[in-house]
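Residues annotated as transmembrane segment in Swiss-Prot: 3-23, 51-71, 80-100, 116-136, 152-172, 186-206, 227-247, 251-271, 276-296, 330-350.
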Amino acid sequence: MKGILIAASVALLISLFGTPIAIRFFRERGYGQLIRDDGPTTHHTKRGTPTMGGTVILASALLGYAVANLFTASGPTASGLLVCGLATGLGLVGFLDDFIKIRMQRNLGLRARTKLAGQVIVAVIFGVLAVQFPNHAGLRPASTHVSFVRDYPSLTLGTIGFVIWALLMVSATSNGVNLTDGLDGLATGASAMVFGAFVIITFWEARNSCLAKAAPGCYHVRDPFDLAIVAAAFAGACAGFLWWNAAPARIFMGDTGSLALGGALAGMAIMSHTEVLLAILGGLFVVITMSSIIQIASFKLTRRRIFKMAPLQHHFELKGWAEVTIVIRFWIIAGLAVALGLGVFYGEWITWQG
(Lines of atoms letter the chains of each structure in order from A and count residues from 1; the text may use other names and numbers.)
(Lines give C-alpha, C1' and ligand atoms only; values in the text may rest on other atoms or scores of the structure.)
Protein backbone atom coordinates (compact mmCIF):
# COMPACT_ATOMS: atom_id res chain seq x y z
CA MET A 1 0.00 0.00 0.00
CA LYS A 2 2.88 2.38 0.76
CA GLY A 3 4.13 2.17 -2.83
CA ILE A 4 0.68 2.99 -4.19
CA LEU A 5 0.33 6.06 -1.98
CA ILE A 6 3.84 7.27 -2.81
CA ALA A 7 3.28 6.86 -6.56
CA ALA A 8 -0.01 8.75 -6.49
CA SER A 9 1.31 11.52 -4.22
CA VAL A 10 4.56 12.10 -6.13
CA ALA A 11 2.82 12.09 -9.51
CA LEU A 12 0.10 14.42 -8.20
CA LEU A 13 2.58 16.94 -6.80
CA ILE A 14 4.85 16.92 -9.85
CA SER A 15 1.87 17.36 -12.17
CA LEU A 16 0.23 20.01 -9.99
CA PHE A 17 3.34 22.17 -9.66
CA GLY A 18 4.98 21.23 -12.95
CA THR A 19 2.03 22.12 -15.18
CA PRO A 20 2.19 25.91 -14.61
CA ILE A 21 5.89 25.76 -15.52
CA ALA A 22 4.94 23.97 -18.73
CA ILE A 23 2.22 26.55 -19.40
CA ARG A 24 4.75 29.39 -19.25
CA PHE A 25 7.29 27.42 -21.30
CA PHE A 26 4.85 26.59 -24.11
CA ARG A 27 3.28 30.05 -24.11
CA GLU A 28 6.66 31.79 -24.46
CA ARG A 29 7.41 29.63 -27.51
CA GLY A 30 3.99 30.06 -29.07
CA TYR A 31 3.03 26.40 -28.69
CA GLY A 32 -0.68 27.16 -28.78
CA GLN A 33 -3.70 25.12 -29.80
CA LEU A 34 -5.09 25.57 -33.30
CA ILE A 35 -8.89 25.53 -33.53
CA ARG A 36 -10.90 24.10 -36.42
CA ASP A 37 -13.07 26.67 -38.17
CA ASP A 38 -15.85 24.10 -38.69
CA GLY A 39 -16.10 23.29 -34.98
CA PRO A 40 -18.33 24.93 -32.35
CA THR A 41 -17.87 28.70 -32.42
CA THR A 42 -17.42 28.74 -28.63
CA HIS A 43 -14.07 27.03 -29.14
CA HIS A 44 -12.59 29.99 -31.02
CA THR A 45 -11.80 31.67 -27.70
CA LYS A 46 -9.48 28.72 -26.93
CA ARG A 47 -7.18 29.48 -29.84
CA GLY A 48 -3.62 29.89 -28.61
CA THR A 49 -4.08 27.97 -25.35
CA PRO A 50 -0.83 26.05 -24.68
CA THR A 51 -0.97 22.42 -25.73
CA MET A 52 1.24 19.31 -25.40
CA GLY A 53 0.45 19.21 -21.69
CA GLY A 54 0.48 15.45 -22.01
CA THR A 55 4.24 15.68 -21.61
CA VAL A 56 3.65 16.75 -17.99
CA ILE A 57 1.16 13.94 -17.36
CA LEU A 58 3.49 11.31 -18.78
CA ALA A 59 6.60 12.63 -17.03
CA SER A 60 4.77 12.91 -13.71
CA ALA A 61 3.42 9.36 -13.94
CA LEU A 62 6.80 7.90 -14.85
CA LEU A 63 8.56 9.77 -12.05
CA GLY A 64 5.86 8.77 -9.57
CA TYR A 65 6.29 5.12 -10.57
CA ALA A 66 10.09 5.35 -10.36
CA VAL A 67 10.12 7.02 -6.94
CA ALA A 68 7.58 4.57 -5.52
CA ASN A 69 9.72 1.64 -6.59
CA LEU A 70 12.60 3.00 -4.55
CA PHE A 71 10.51 2.09 -1.51
CA THR A 72 9.34 -1.37 -2.60
CA ALA A 73 11.24 -4.57 -1.99
CA SER A 74 10.87 -6.02 -5.48
CA GLY A 75 11.51 -2.89 -7.57
CA PRO A 76 10.14 -2.36 -11.10
CA THR A 77 8.68 -5.40 -12.85
CA ALA A 78 8.34 -6.43 -16.47
CA SER A 79 4.58 -5.79 -16.34
CA GLY A 80 4.91 -2.27 -14.96
CA LEU A 81 7.73 -1.33 -17.31
CA LEU A 82 5.82 -2.60 -20.34
CA VAL A 83 2.76 -0.48 -19.50
CA CYS A 84 4.98 2.57 -18.99
CA GLY A 85 6.83 1.80 -22.21
CA LEU A 86 3.57 1.52 -24.15
CA ALA A 87 2.35 4.86 -22.80
CA THR A 88 5.69 6.51 -23.60
CA GLY A 89 5.80 5.13 -27.13
CA LEU A 90 2.30 6.34 -27.95
CA GLY A 91 3.05 9.62 -26.20
CA LEU A 92 5.96 10.13 -28.60
CA VAL A 93 3.65 9.52 -31.57
CA GLY A 94 1.25 12.08 -30.15
CA PHE A 95 4.08 14.52 -29.46
CA LEU A 96 5.18 14.39 -33.10
CA ASP A 97 1.60 15.00 -34.17
CA ASP A 98 1.23 17.99 -31.83
CA PHE A 99 4.64 19.43 -32.73
CA ILE A 100 3.95 19.32 -36.47
CA LYS A 101 0.60 21.06 -35.95
CA ILE A 102 2.30 23.85 -34.03
CA ARG A 103 5.35 24.13 -36.28
CA MET A 104 3.30 24.14 -39.50
CA GLN A 105 0.44 26.18 -37.97
CA ARG A 106 -2.22 23.79 -39.24
CA ASN A 107 -4.85 21.44 -37.80
CA LEU A 108 -3.29 18.43 -39.51
CA GLY A 109 -0.20 17.04 -37.81
CA LEU A 110 1.00 13.62 -38.84
CA ARG A 111 -0.84 12.23 -41.82
CA ALA A 112 -3.46 9.68 -40.82
CA ARG A 113 -1.51 6.76 -42.26
CA THR A 114 1.73 7.87 -40.63
CA LYS A 115 0.05 8.33 -37.27
CA LEU A 116 -1.62 4.92 -37.55
CA ALA A 117 1.69 3.34 -38.54
CA GLY A 118 3.32 4.79 -35.43
CA GLN A 119 0.55 3.39 -33.23
CA VAL A 120 0.82 -0.01 -34.92
CA ILE A 121 4.59 -0.20 -34.45
CA VAL A 122 4.38 0.69 -30.76
CA ALA A 123 1.46 -1.67 -30.11
CA VAL A 124 3.07 -4.60 -31.94
CA ILE A 125 6.34 -4.19 -30.03
CA PHE A 126 4.35 -4.11 -26.81
CA GLY A 127 2.34 -7.19 -27.80
CA VAL A 128 5.43 -9.21 -28.68
CA LEU A 129 7.28 -8.28 -25.48
CA ALA A 130 4.22 -8.84 -23.30
CA VAL A 131 4.32 -12.60 -23.86
CA GLN A 132 8.03 -12.86 -23.06
CA PHE A 133 9.87 -12.78 -19.71
CA PRO A 134 8.31 -15.67 -17.74
CA ASN A 135 8.85 -15.45 -13.98
CA HIS A 136 9.78 -18.28 -11.62
CA ALA A 137 6.20 -19.62 -11.78
CA GLY A 138 6.09 -19.48 -15.57
CA LEU A 139 3.72 -16.50 -15.66
CA ARG A 140 4.33 -13.92 -18.37
CA PRO A 141 3.23 -10.28 -18.17
CA ALA A 142 0.29 -10.97 -20.51
CA SER A 143 -1.75 -14.03 -21.35
CA THR A 144 -2.65 -15.30 -24.81
CA HIS A 145 -6.20 -15.99 -23.56
CA VAL A 146 -9.02 -13.49 -23.97
CA SER A 147 -10.04 -12.16 -20.56
CA PHE A 148 -13.07 -10.50 -19.00
CA VAL A 149 -12.40 -10.28 -15.27
CA ARG A 150 -9.99 -13.19 -15.61
CA ASP A 151 -8.85 -15.42 -18.48
CA TYR A 152 -11.23 -17.58 -20.48
CA PRO A 153 -9.19 -20.82 -20.83
CA SER A 154 -11.24 -21.87 -23.86
CA LEU A 155 -10.52 -18.64 -25.77
CA THR A 156 -6.87 -19.04 -26.71
CA LEU A 157 -5.47 -16.69 -29.33
CA GLY A 158 -1.91 -17.93 -29.68
CA THR A 159 1.01 -15.54 -29.90
CA ILE A 160 0.16 -14.01 -33.28
CA GLY A 161 -3.52 -13.74 -32.41
CA PHE A 162 -2.66 -12.08 -29.13
CA VAL A 163 -0.44 -9.49 -30.82
CA ILE A 164 -3.30 -8.63 -33.18
CA TRP A 165 -5.72 -8.48 -30.24
CA ALA A 166 -3.34 -6.20 -28.32
CA LEU A 167 -3.00 -3.98 -31.39
CA LEU A 168 -6.78 -3.63 -31.66
CA MET A 169 -7.13 -2.87 -27.96
CA VAL A 170 -4.34 -0.30 -27.91
CA SER A 171 -5.57 1.40 -31.08
CA ALA A 172 -9.21 1.49 -29.95
CA THR A 173 -8.45 2.77 -26.45
CA SER A 174 -5.89 5.40 -27.43
CA ASN A 175 -8.14 6.75 -30.17
CA GLY A 176 -11.13 6.60 -27.83
CA VAL A 177 -9.40 8.83 -25.29
CA ASN A 178 -8.24 11.06 -28.14
CA LEU A 179 -11.84 11.54 -29.35
CA THR A 180 -13.00 12.26 -25.80
CA ASP A 181 -10.39 15.01 -25.39
CA GLY A 182 -12.56 17.72 -26.92
CA LEU A 183 -13.77 19.68 -23.90
CA ASP A 184 -11.85 21.15 -20.97
CA GLY A 185 -11.05 18.45 -18.44
CA LEU A 186 -13.32 15.79 -19.95
CA ALA A 187 -10.75 13.16 -20.93
CA THR A 188 -8.47 13.97 -17.99
CA GLY A 189 -11.18 13.47 -15.38
CA ALA A 190 -12.59 10.34 -17.02
CA SER A 191 -9.11 8.82 -17.33
CA ALA A 192 -8.36 9.51 -13.67
CA MET A 193 -11.49 7.58 -12.69
CA VAL A 194 -10.58 4.54 -14.78
CA PHE A 195 -7.00 4.52 -13.49
CA GLY A 196 -8.43 4.71 -9.98
CA ALA A 197 -10.51 1.63 -10.76
CA PHE A 198 -7.40 -0.20 -11.92
CA VAL A 199 -5.68 0.65 -8.64
CA ILE A 200 -8.50 -1.13 -6.81
CA ILE A 201 -8.61 -4.07 -9.25
CA THR A 202 -4.89 -4.78 -9.29
CA PHE A 203 -4.53 -4.28 -5.53
CA TRP A 204 -7.33 -6.81 -5.05
CA GLU A 205 -5.60 -9.19 -7.45
CA ALA A 206 -2.40 -8.81 -5.44
CA ARG A 207 -4.24 -9.57 -2.19
CA ASN A 208 -5.79 -12.66 -3.78
CA SER A 209 -2.92 -13.84 -5.97
CA CYS A 210 -2.54 -17.54 -6.68
CA LEU A 211 1.22 -17.04 -6.33
CA ALA A 212 0.75 -16.06 -2.68
CA LYS A 213 -1.93 -18.59 -1.80
CA ALA A 214 -3.92 -20.91 -4.05
CA ALA A 215 -7.57 -20.47 -3.11
CA PRO A 216 -10.95 -20.37 -4.88
CA GLY A 217 -11.14 -17.25 -7.01
CA CYS A 218 -7.43 -16.41 -6.81
CA TYR A 219 -5.88 -14.56 -9.75
CA HIS A 220 -3.17 -15.80 -12.09
CA VAL A 221 -1.83 -12.30 -12.75
CA ARG A 222 1.84 -11.47 -12.77
CA ASP A 223 3.05 -8.40 -10.83
CA PRO A 224 -0.40 -7.10 -9.79
CA PHE A 225 0.97 -4.87 -7.02
CA ASP A 226 3.40 -3.14 -9.38
CA LEU A 227 0.52 -2.60 -11.80
CA ALA A 228 -1.38 -0.93 -8.95
CA ILE A 229 1.58 1.42 -8.52
CA VAL A 230 1.51 2.26 -12.24
CA ALA A 231 -2.23 2.94 -12.15
CA ALA A 232 -1.86 5.09 -9.04
CA ALA A 233 0.90 7.12 -10.68
CA PHE A 234 -1.23 7.82 -13.76
CA ALA A 235 -4.28 8.62 -11.63
CA GLY A 236 -2.26 11.10 -9.57
CA ALA A 237 -0.74 12.67 -12.69
CA CYS A 238 -4.20 13.14 -14.21
CA ALA A 239 -5.56 14.66 -11.01
CA GLY A 240 -2.74 17.19 -10.79
CA PHE A 241 -3.08 18.12 -14.44
CA LEU A 242 -6.86 18.46 -14.12
CA TRP A 243 -6.36 21.38 -11.73
CA TRP A 244 -5.09 23.40 -14.71
CA ASN A 245 -7.05 21.60 -17.45
CA ALA A 246 -10.50 22.16 -15.92
CA ALA A 247 -12.67 24.82 -17.57
CA PRO A 248 -11.50 27.32 -18.53
CA ALA A 249 -8.45 25.25 -19.39
CA ARG A 250 -5.07 26.94 -19.17
CA ILE A 251 -3.42 24.06 -21.03
CA PHE A 252 -4.50 21.11 -23.18
CA MET A 253 -3.01 17.62 -23.05
CA GLY A 254 -2.92 17.32 -26.85
CA ASP A 255 -2.41 14.03 -28.65
CA THR A 256 0.70 13.60 -26.51
CA GLY A 257 -1.51 13.04 -23.51
CA SER A 258 -4.55 11.36 -25.02
CA LEU A 259 -2.60 8.68 -26.87
CA ALA A 260 -0.36 8.04 -23.85
CA LEU A 261 -3.30 7.73 -21.46
CA GLY A 262 -5.22 5.48 -23.83
CA GLY A 263 -2.18 3.27 -24.24
CA ALA A 264 -1.68 3.04 -20.48
CA LEU A 265 -5.33 2.06 -19.97
CA ALA A 266 -5.12 -0.64 -22.63
CA GLY A 267 -1.86 -1.90 -21.15
CA MET A 268 -3.39 -2.06 -17.67
CA ALA A 269 -6.36 -4.08 -18.94
CA ILE A 270 -4.13 -6.52 -20.81
CA MET A 271 -1.69 -7.02 -17.94
CA SER A 272 -4.42 -7.36 -15.29
CA HIS A 273 -6.39 -9.81 -17.46
CA THR A 274 -9.44 -7.54 -17.56
CA GLU A 275 -9.48 -6.81 -21.27
CA VAL A 276 -13.23 -6.96 -21.97
CA LEU A 277 -13.99 -5.34 -18.61
CA LEU A 278 -12.21 -2.22 -19.91
CA ALA A 279 -15.18 -1.65 -22.23
CA ILE A 280 -17.36 -1.24 -19.12
CA LEU A 281 -14.87 0.72 -17.01
CA GLY A 282 -14.20 3.05 -19.94
CA GLY A 283 -17.85 3.19 -20.95
CA LEU A 284 -17.69 6.92 -21.67
CA PHE A 285 -14.86 6.40 -24.15
CA VAL A 286 -16.87 3.63 -25.84
CA VAL A 287 -19.99 5.79 -26.17
CA ILE A 288 -18.06 8.74 -27.60
CA THR A 289 -16.14 6.53 -30.04
CA MET A 290 -19.35 4.82 -31.18
CA SER A 291 -20.97 8.21 -31.81
CA SER A 292 -18.24 9.02 -34.33
CA ILE A 293 -18.49 5.60 -35.97
CA ILE A 294 -22.29 5.89 -36.24
CA GLN A 295 -22.01 9.41 -37.65
CA ILE A 296 -19.54 8.37 -40.34
CA ALA A 297 -21.45 5.20 -41.25
CA SER A 298 -24.77 7.02 -41.43
CA PHE A 299 -23.41 9.76 -43.67
CA LYS A 300 -21.72 7.30 -46.03
CA LEU A 301 -24.79 5.08 -46.30
CA THR A 302 -27.63 7.62 -46.25
CA ARG A 303 -25.90 11.00 -46.73
CA ARG A 304 -27.59 12.04 -43.48
CA ARG A 305 -26.05 12.75 -40.09
CA ILE A 306 -27.45 11.37 -36.85
CA PHE A 307 -25.80 13.99 -34.66
CA LYS A 308 -25.33 17.71 -35.19
CA MET A 309 -21.61 17.03 -34.86
CA ALA A 310 -19.45 14.13 -33.73
CA PRO A 311 -17.98 13.15 -31.32
CA LEU A 312 -21.02 13.23 -29.05
CA GLN A 313 -19.88 16.02 -26.72
CA HIS A 314 -19.93 18.49 -29.63
CA HIS A 315 -23.50 17.46 -30.51
CA PHE A 316 -24.63 18.73 -27.12
CA GLU A 317 -22.56 21.89 -27.52
CA LEU A 318 -24.43 22.70 -30.72
CA LYS A 319 -27.71 22.00 -28.91
CA GLY A 320 -26.81 24.86 -26.58
CA TRP A 321 -25.52 23.00 -23.52
CA ALA A 322 -22.81 24.84 -21.59
CA GLU A 323 -19.39 23.20 -21.79
CA VAL A 324 -19.12 22.77 -18.02
CA THR A 325 -22.57 21.13 -17.95
CA ILE A 326 -21.55 18.62 -20.60
CA VAL A 327 -18.28 17.81 -18.85
CA ILE A 328 -19.89 17.26 -15.44
CA ARG A 329 -22.69 15.11 -16.87
CA PHE A 330 -20.23 13.06 -18.88
CA TRP A 331 -18.07 12.66 -15.76
CA ILE A 332 -21.17 11.28 -14.02
CA ILE A 333 -21.54 8.76 -16.84
CA ALA A 334 -17.85 7.88 -16.55
CA GLY A 335 -18.20 7.43 -12.79
CA LEU A 336 -21.26 5.20 -13.16
CA ALA A 337 -19.43 3.08 -15.74
CA VAL A 338 -16.47 2.69 -13.39
CA ALA A 339 -18.78 1.75 -10.51
CA LEU A 340 -20.54 -0.82 -12.70
CA GLY A 341 -17.22 -2.28 -13.83
CA LEU A 342 -15.95 -2.59 -10.27
CA GLY A 343 -19.24 -4.18 -9.26
CA VAL A 344 -18.93 -6.76 -12.03
CA PHE A 345 -15.32 -7.47 -11.05
CA TYR A 346 -16.14 -7.96 -7.37
CA GLY A 347 -19.35 -9.84 -8.11
CA GLU A 348 -17.42 -12.39 -10.16
CA TRP A 349 -15.03 -12.96 -7.25
CA ILE A 350 -17.97 -13.46 -4.87
CA THR A 351 -19.27 -16.31 -7.04
CA TRP A 352 -16.08 -18.23 -6.24
CA GLN A 353 -16.64 -17.91 -2.51
CA GLY A 354 -20.05 -19.57 -2.34
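Including glycine, each Cβ sits where the backbone N, Cα and C put it.
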Any chance the transmembrane segment (51-71) and the transmembrane segment (227-247) are in contact, meaning at least three CB pairs closer than 8 A with a sequence separation of 6+?
yes
Looking only at residues six or more beyond either end of the transmembrane segment (227-247), which have a C-beta under 8 A from one in the stretch?
3-5, 7-20, 23, 53, 56-58, 60-62, 64-65, 68-69, 72, 79-80, 83-84, 87, 183-185, 188-189, 191-192, 195-196, 198-199, 202-203, 205-206, 221, 253, 257, 261, 264, 268, 271-272, 323-324, 327
Mind checking which residues reach the transmembrane segment (152-172)? Cβ under 8 Å, same chain, six or more beyond either end.
86, 90, 116, 119-120, 122-124, 126-128, 130-131, 142-146, 262-263, 266-267, 269-270, 275, 278, 289
The transmembrane segment (251-271): which same-chain residues, six or more beyond its ends, come within Cβ distance under 8 Å?
19, 22-23, 26, 33, 49-55, 57-58, 61, 79, 82-84, 86-91, 93-95, 97-98, 109, 119, 122-123, 126, 130, 141-142, 166, 169-170, 172-178, 180-181, 187-188, 191, 194-195, 198, 202, 221-223, 227, 230-231, 234, 238, 241, 244-245, 277-278, 281-282, 285
Could you tell me what the rest of the chain brings near the transmembrane segment (276-296), counting residues at least six beyond its ends with Cβ under 8 Å?
146-149, 169, 172-173, 175-177, 179-180, 190, 194, 197-198, 262, 265-266, 269, 305-307, 310-313, 315, 330, 333-334, 336-338, 340-342, 344-345
Residues of the same chain, at least six outside the transmembrane segment (116-136), with any C-beta under 8 angstroms of its C-beta?
78, 82, 85-86, 89-90, 92-93, 96, 110, 142, 144, 159, 162-167, 170-171, 174, 222, 259, 263, 267, 270-271
